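Visitor: Questions regarding the structure given below will be posed in turn.
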Amino acid sequence: MRSKSTGNDEGKASHIGNNNVRNSKDQHINRNNNYDKPNRLFNRDEVSPGFREPYIIRGYRKPNVSFKESLQGIFRLNNETFNIWSHVLATLYFIVRYSILLLELRKPESSQKDFFYPMLSSAIGTCTVFGMSSIAHIFNSKSEHMHSVFYFLDYAGISIYTYTSGQVMYFYNRPINTGWQVFESASLYTAIGASLSFLSTFLSCLVKYAFKRHKVYGAMARVVAVFAGWFNTVLSLVVGVTICTCHAVTTCQSFLPCNDTMVSHFKRHCFYSIAGGMIYGSRLPERLLPGKFDMIAVFTIPIIPQVLQYSANITAFWSCSIL
């Protein structure tokens with residue numbers, strides 16, 4: 001009897017062991033099936049470090065996808081949905097607005113046809129920054145390597161925008177008789193603008209990889225990166241509004257102070273740019289409550305700095321259009 005009982009016990013143990021193995025395999029198969037579901041969202045610990053964003057815990061798209069799957073992901077809710085559509089719509093908006101204005105300036109009878117090329121420069125920069133951002137957010141889940149490549153292009157797009165905007169403001173709105181060499185030499189101003197744009201791109205790329213463990217330095221570098229390029233855009237405007245007068249002949253002269261509409265656009269542009277840059281650099285409010293805004297962030301977190309950024313670009317657009 002004892003040996004029979006022992007045999008039964010061994011049989012039961014073997015049966016239980018087989019069931020455990022079967023259940024483990026089923027769970028593994030289920031996990032694989034869930035992984036392959038196109039609509040599935042991933043947590044932070046389920047994706048490689050290269051795909052992770054600071055303070056965002058959930059809502060990640062499936063990593064290592066094809067270009068087709070990346071495009072299909074545009075129409076699915078995840079923590080990039082708002083980023084994608086906000087940049088795509090902004091790109092389309094500025095393409096339409098600049099096209100209308102450029103066609104008007106291109107007409108032979110236009111009294112402002114000399115402004116065609118500076119406006120074209122502004123159009124290239126503005127459409128590039130939003131276009132590259134759209135591409136980066138759409139395809140950044142293709143692979144870790146492509147994730148880095150697309151975001152580096154995104155940072156480069158920001159620098160292209162600040163450089164082209166600086167060219168517009170310098171050649172068509174710089175103050176005269178300032179005694180400042182930077183406003184007397186186009187080569188010097190262009191070199192400074194290119195250097196600031198390069199610095200902006202370099203710091204943005206550096207923050208993403210070199211300062212991951214140093215959050216304070218990373219936040220500082222992000223803010224510096226934003227304002228390094230922006231400084232090139234507004235330098236001539238700041239000097240014209242704060243130091244010069246439109247009535248002077250032999251001293252610092254600028255037509256900005258006498259143009260109330262231009263001054264109003266300039267002030268709003270500065271406010272939107274500074275506020276948006278500070279929020280972007282400090283990663284508020286998700287920094288204060290990590291993981292609490294992951295899916296809500298699709299609609300709330302990016303909208304604050306991005307609305308400010310779009311508002312800044314729109315005011316810059318209208319400032320250029322009334323030069």
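In case you wondered, yes, glycine gets a Cβ from its N, Cα and C as well.
Owing to the predicted nature of the structure, the values given are computational and were not obtained by experimental measurement.
Okay, so TrEMBL annotates it like this:
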type	residues	note
BINDING	H137	Zn(2+) binding site
REGION	1-43	region 'Disordered'
TRANSMEM	84-103	transmembrane segment
TRANSMEM	115-139	transmembrane segment
TRANSMEM	151-172	transmembrane segment
TRANSMEM	192-211	transmembrane segment
TRANSMEM	223-243	transmembrane segment
Visitor: Under 8 Å, at least 3 Cβ pairs, sequence separation 6 or more: does that hold for the transmembrane segment (223-243) versus the transmembrane segment (151-172)?
Guide: yes
Visitor: Check each residue in the chain of H137 (Zn(2+) binding site) that is at least six apart in sequence and keep those whose C-beta is under 8 Å from its C-beta; list them in sequence order.
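Guide: Result: E80, N83, I84, H87.
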Visitor: When DSSP is mapped onto helix/strand/coil, what comes out for H137 (Zn(2+) binding site)?
Guide: helix
